[in-house]
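Worksheet: the structure to be examined is printed underneath.
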Amino acid sequence: MKLTMVLSVAFATLTFANEGILTFEGLGLARRQTICHTPGGSGCRASISGDQCCCTSCTPEDCSDLCKNGKQAAHEAQKQKKCAKCCNAGGESHELCCSIASAGIDCNPCTAGLRMC
């Protein structure tokens, strides 16, 4: 009985000491593929939600490439959304707003230091 308790404590300590085991990223590719919701279809495909990327029927290399490219595309879409919000807020030209929004500057040209107000 004492040996069982000692082993239980030892394994629990090892598990919690390695925080990667407790995170989604710490799971192996095969395990991630079974718990992720991915779009239907066949072949290697990925589903991205926030910082989590799930792959189905992919090699680790293909999954990594899909997730990297997908996250970049999601970031670009977010920039375009910010651009559209900026233009709708002030009625400025699309080119001006997008250059401001893409640079991460405040969308309001007046507070961004541009003299057009």
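Yeah, the Cβs are placed from backbone N, Cα and C, and that goes for glycine too.
Here is what Swiss-Prot says about this protein:
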SIGNAL    1-17  signal peptide
DISULFID  Cys36-Cys87  disulfide bond
DISULFID  Cys44-Cys55  disulfide bond
DISULFID  Cys53-Cys58  disulfide bond
DISULFID  Cys54-Cys98  disulfide bond
DISULFID  Cys63-Cys83  disulfide bond
DISULFID  Cys67-Cys117  disulfide bond
DISULFID  Cys86-Cys97  disulfide bond
REGION    87-117  region 'Chitin-binding domain'
DISULFID  Cys107-Cys110  disulfide bond
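If you take the C-beta of Cys67 (disulfide bond) and look for same-chain residues 6 or more apart in sequence within under 8 angstroms, you find Ala46, Ile48, Cys53, Cys55. Across the structure, Cys63 (disulfide bond) and Cys54 (disulfide bond) place their CA atoms 8 angstrom apart. Neighbour density at the Cβ, taken as the number of other Cβ atoms within 10 Å, is lowest among the disulfide-bonded residues Cys44, Cys53, Cys54, Cys58, Cys63 for Cys44. Cα of Cys54 (disulfide bond) to Cα of Cys44 (disulfide bond): a distance of 11 Å. Every protein chain considered, the tally of other Cβ atoms within 10 Å of the Cβ of Cys55 (disulfide bond) stands at 24.
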